[in-house]
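> Input: one structure, supplied below.
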Amino acid sequence: MKVAVLGAAGGIGQALALLLKNQLPSGSELSLYDIAPVTPGVAVDLSHIPTAVKIKGFSGEDATPALEGADVVLISAGVARKPGMDRSDLFNVNAGIVKNLVQQIAKTCPKACVGIITNPVNTTVAIAAEVLKKAGVYDKNKLFGVTTLDIIRSNTFVAELKGKLPTEVEVPVIGGHSGVTILPLLSQIPGVSFTEQEAAELTKRIQNAGTEVVEAKAGGGSATLSMGQAAARFGLSLVRALQGEKGVVECAYVEGDGQYARFFSQPLLLGKNGVEERKSIGTLSAFEQHSLDAMLDTLKKDIQLGEDFINK
C-alpha cells in the first residue's frame, strides 16, 4: 500500500507524515512531495523513526515521482489562513495548486483514492472532480474532501461539555467544511442530550473552531496539528478499507446522488474501491433540519465556484 502526501513540507503535511510513518501498516510505502526544497530532508528525518514504513521525499515542480504507484493521495498543499481571512479567501491561490496537482494525479495514478485537505474544501473538491472528469478518469467513489477535523472537534467539545471520555463520543458531521455548511448531528449521539441553546452554541463553536485556532496563533498559522491528526485518521481508515477490512465508516465530502447538493459530507462505508455505500444522514432535529435547509445555497455556490474555475 503506497500513500503519497502532497504538500508534505507544510504544517499539516509534516504532522500528517509523522503520524503516517508511525501508524501505517508494516510494509507500506510513504512518499512525500512539496515544492519546497526541504522535502527530501523531511523524509530523511522521518526515516530514522523505527517503523516498517518505507519513506521517500521529492521536491520541485514535478510531483510525478512521488505519485507513481500510489493507492492513496492526500493533498494538503496550499496557503494557510491568517487572521481576518476565511477559508474562501484562500481560493485564489489554492484553486490553482489543486488543479495542477490533480492533473498530475490524473496522468500518473488515476486509480488512486484522493483526499483533499486544501481549503476551501467545498470548492477544491469540485475543482478536482472537474479536472479528473476532463482527463476521463473521474470515479466519484475515489474522491474525498477530508472533513474529519470537524468530527474530531465535535467529539472533543461534546466530551468536554458532557463530562464524557472523548474516545466514547462519535459525532456525525454533514454538509460541507466551512462556516454554516458544517453541521454536527448532535441529536444523533447515543446517551447524550442537549438543550436547544446548548445545541445552537455548540454548533456555532464547531463551525468557528478553525477561526479560534487562527486567532490564538496570532498570525502564526492555522490549525495544522489537529488537521494532521484528522487527515491521518481518515487516511488510515481508507487504507484499512482498501486492504479489505469490513465496516470502516467515516464522514467525508463526496459526490452523491445530488439530494442536497452535488457534493455533500455524510457517513460513508468505505471498501476496496473507495466509497462502498453513502449512508443515510438519518433523522434530524428541527434545529438541524433548519440549519441544513439554510446552508444549501452557500454550499451550492461554493461548488459552482469550483466547477466554473475549470470549465470557464
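We number each residue from 1, going along the chain as drawn.
Using N, Cα and C of the backbone, Cβ positions are placed for all residues, glycine too.
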> Record says Gly7, Ala8, Ala9, Gly10, Gly11, Ile12, Gly13, Asn94, Ile117, Thr118, Asn119, Met227 bind NAD(+). Source is Swiss-Prot. Which of Asp34, Asp71, Asp257 does it list for that same site?
Asp34
> Measure from the Cα of Arg81 (substrate binding site) to the Cα of every one of the recorded positions Gly13, Thr118, His177, Met227, then give the nearest.
Thr118
> What Cα-Cα separation, expressed in whole Å, is found between His177 (active site, proton acceptor) and Asn119 (substrate binding site)?
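Per the Cα atoms, His177 (active site, proton acceptor) and Asn119 (substrate binding site) stand 9 Å apart.
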> Check the DSSP secondary structure of Gly7 (NAD(+) binding site), expressed as helix, strand or coil.
coil
> When you measure from the Cβ of Thr118 (NAD(+) binding site), which residues in the chain that are at least 6 apart have a Cβ under 8 Å away?
Gly7, Ile75, Ser76, Ala77, Gly78, Asn94, Ile97, Val98, Thr124
